[in-house]
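According to TrEMBL, the protein has these features:
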DOMAIN    20-268  domain 'Nucleoside phosphorylase'
BINDING   26, 57, 77, 78, 79, 109, 211  phosphate binding site
BINDING   192, 234  purine D-ribonucleoside binding site
Ligand SMILES: O=P(O)(O)O[C@H]1O[C@H](CO)[C@@H](O)[C@H]1O
Ligand SMILES: Nc1nc2[nH]cnc2c(=O)[nH]1
């Protein structure tokens, strides 16, 4: 599906041109209720979008503004473990970019792999490890896609330094714990064994989840500026088997929503007062 077809459908409903796209992870969808003058479009009405099946994901695009910045929020997302391909999961990013978004704030609920994290902590992503699938591979693509020019490139993915800085400032101002970190993406839907959590810690992961990376790679390919935020929904305990549950993940998300909101507002204030400048990397 061509993203322009979906964009044309959206344009028939709203002509708002969002500057910032926001993806709301598990339990974090309530931020969509903070959008001024919302125009809500269900995913299943949009050509090329699937239906969101994971619980805690509303399945709506919400257009409007926050801090006077035009935004579009995805309340819910698609995950590989629901049966979607990388291309399906990333398609909404393409569409939100086509209707105008030049910035992406992508959030998720994630397991805390680093031993310093507590439930509810926020991690500002600096990098990621892709254990989900081949970085450029489209699992539905024809075999020749794998030999396409450029397929051996290192992804140009990079998380935006100035947007990260604004997130840390929001945490200091509002008085909550917020750390830099690396996100590891698994295919899911199972959580990890203790041995897997130990392995992930040893290879440099701070948080682990089942989303975000396909969306970030798409946004990077489109030249969008990216802020990645994880909310620690459960912590990996190396000493005893602690069962993680999706209900616990959703509950932690709702409890941390106020922190996510503080960060989003701060980033948007900075974007509206002066377009965020990133130092060269
Ligand atoms: O990444 P989000 O969508 O926040 O959801 C996270 O929470 C779910 C597991 O409880 C998985 O889908 C994981 O990726
Ligand atoms: N893979 C994975 N995803 C999560 N999403 C929320 N918590 C977790 C977790 O512990 N592991």
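Backbone N, Cα and C atoms are what each Cβ position is placed from, and that goes for glycine too.
Model confidence over the domain 'Nucleoside phosphorylase' (20-268) is summarised by a mean pLDDT of 89. Proximity of the binding-site residues 78, 192, 234 to ligand 1, judged by a Cβ distance under 6 angstroms to any of its atoms, singles out none of them. If you take the C-beta of residue 192 (purine D-ribonucleoside binding site) and look for same-chain residues 6 or more apart in sequence within under 8 angstroms, you find 111, 186, 200, 208, 236. Ligand 2 lies under 6 Å from the Cβ of 109, 234, out of the binding-site residues 78, 109, 211, 234. Within 10 Å of the C-beta of residue 26 (phosphate binding site) there are 27 other C-beta atoms, taking all protein chains into account.
The binding-site residues considered are 77, 78, 211, 234; of these, 234 has the fewest other C-beta atoms within 10 angstroms of its C-beta.
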